[in-house]
Amino acid sequence: MQTGAQGQPTNGKEEQVTTGAESLEEEFMWEEYLEETGATAAPHTIFRHVEVSLQSSFQPGMKLEVASKSRPETYWVATIITTCGQLLLLRYSGYGDDRRADFWCDVMTAQLHAVGWCAQNHKTLTPPEENFYLRTAIREKYSDWTEFLVQDLTGSRTAPASLLEGPLRGKNTVDLIVAGSVLELQNLSDPLLYWPVRVVQNVGGRLRLRPVGLSERHRAQDTWLFYLDVRLRPLGWALENQLTLEPPAELRPLLGDRDWQQALQDAQADGQEDALPLEVFKDHADLPRHAFRAGMKLEMVSPWEQLLIRPVSVTKVYSDTYFQVTLDDLCADAAPRSAVCHANSPGILPVQWCLKNGVALERPRGYEGPDFDWADYLKQSGSEAAPDTCFPDTGHTRGFAEDMWLEAVNPARPEEVCVARVSQVRGRLLWLRLEGVLQPRSECIVDVESMDVFPVGWCEANSYPLTPPLRPACQKQKKIAVVQPEKQSAPPAEAPPAIACQPVAMDTAAANGRYCCSRVFVNHRCFSGPYLNKGRIAELPRAVGPGKCSLVLKELLSMLINAAYKPGRVLKELQQLQEPGWDSQEETLKAKYKGKTYRSTVRIVRLAEQIPDFCRKVCVKLQCCPNLLGPDLRADSCPENCSVQTKTKYSESAAPPAAASCPLLQHRSALCCSSVLSSAAAPFCPLLQQQRSVLCCSSVLSSAAAPFCPLLQHRSVLCCSTVLPSAAAPFCPLLQHRSALCCSSSVLSSAAAAFCPLLQHRSVLCCSTVLSSAAAPFCPLLQHRSALCCSILLR
């Protein structure tokens, strides 16, 4: 049980916990910070490299062979329409643009194979037998299946076999890169030189790379690059393109020549044994040809000096892809500083760009004159300006705007990612203020296409530390209300098995399809109960997902909390939600109410098959319609007819006509299990004053209860499947399925029936298979022909 600051139980009250600035920095929360400052987060969609990294390795339009549902030994060709993690939306070949029969499947559990697998393994390719429309449509146009498939598959792209089977099955592209993977890295000073590097760490596609031959003691030489960087190539690429493999000049003194060569041989052997799939490089952009010539001048964001834009000159052209620029320095003792560029290099700008955009241009060292003027400078140097056509679109902002917030790499410490604010936007350049870095290194300039900037929440999503903003030492302490669990009067329950309680550390790449789900719906028209605001519920999205179960449900619960009259109360109710049989994991949820922040740990199921039960339990806990949340869409009407409910808890609706004759039915929340019996209900019904195990065995029904309810005068039939003798089953079809709460006509007296309309149809008290339609008008309880056991199904 959780305790307060002094180690004392809080008895379910919201405790005020005062935290200092240091603890606030440790618990930096983007949502709170943005709300406090009124700031705006940069949209996720404008970070192209991050969006690409989240895409599945499977691409829309790919073809594959999928097993038929009715006859798994037969297969048919399907096209990938879209993807969501491990889930694929497929359409059978032959449907064209008709999406009515599209279906989801999980790449980890479905029988999917690359095109050609059936032929190699002597399997039958034929349209599914149950799909009459598809068979007819193909037969009308083609004489046989083979003719149709030849035309359909010509020029198409098949899904790679490596992604459908084996250790790479179902992995996203970014997950294919693991620690120890070997790539080739282009030299910063010479684009014709490469050297292998090993992946030390993969943070959401941002790779920490170490040159082969170096060890942990050389970690200062590590390089951080996003996996889409054009400097990265697959192992063997340099030799295939007649380029040289050579360690960077600045690293050569660290090892002898023999050690470098041995390291190269070891890396090549490792790469051949466990090569990176080529799918890793499918999104690498091909560099365009440039039009720069030696002697041309341009402006460039200085890679050597922070926040400066300087004149540079093209001093060398390596190929039609790469060229070299050198910083203009007119001093006699100048040491040349050069950088390799290509046509899409970030930070290269045409002459006069600074003047047109109101940005200061730093004059070359040794330049004489009060003001720098490009026309005079070009005339004095006898050079020409690079034409504007040589540069990428310099006015493209990608949607960034001033005062947007994001996460950015600290150029001075590439391993550090900081909270950052866009302080200025000029064309395709962003001026960033790194809020967690002290002056004077707190600002930098980046290109809008930079792979060193990330959307809000990227670090948290990838479990990587984020440097929070600096806060004044005298800042007022913030109070956070922490929701604690209720104090239990009964002895604590026995702990559930360790496998269900331990925090889950699961590699997303290794997760099988059971951990992903399709959509979970919010049925807006269902009764919302006493906790949830009906108007806010109506504004929620119709569905969440598909995706990983824990993420879908966490988002769903967060939406419900925000839609509550008192979010803290809903959070407290959800905190108590758990079942020993669930495969669940702990997630921290937040609620805000009247300036206070409430946090609590809630257990969320991880398996798709447990989602219906979980959603139902959530609804019961929040006393709303059991169909408000769930995997089924209730578009027009709810089977519970919950629209008649008033703003009270779901189980206390107006009693149907049968309740007037039978006190047992007046408390419909108690017809089953002790876990749903409220103590307040017992005084109204003598039956509930007895042992609250289950409404089942006659041995727990006192004779005093019978006068209140004619149904109890025949106590031999109020029972549970666990205590029913086998001899009873032949008298009641319901008992053959061992449900609960039933009675046969052979034991009910006609006198009892007169008191309770429910008993006038004594065949069985629940099962729809034996209820006549004439029974329903007499007792609304019978209008929901599920079973007389669970309170959430009782009208």
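Numbers here mean position along the shown chain, with the first residue as 1.
Heads up, the Cβ atoms here are built off N, Cα and C, so glycines get one too.
Here's what TrEMBL has on this protein:
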type: COMPBIAS; residues: 1-21; note: compositional bias 'Polar residues'
type: REGION; residues: 1-22; note: region 'Disordered'
type: REPEAT; residues: 28-128; note: repeat 'MBT'
type: REPEAT; residues: 143-248; note: repeat 'MBT'
type: REPEAT; residues: 258-364; note: repeat 'MBT'
type: REPEAT; residues: 372-469; note: repeat 'MBT'
type: DOMAIN; residues: 517-631; note: domain 'SLED'
Going by DSSP, how much of the repeat 'MBT' (372-469) is helix, how much is strand and how much is coil, in residues? 15 helix, 37 strand, 46 coil
The domain 'SLED' (517-631), counted residue by residue under DSSP: helix, strand, coil: 43 helix, 32 strand, 40 coil
Model confidence over the repeat 'MBT' (143-248), as mean pLDDT, sits at 90
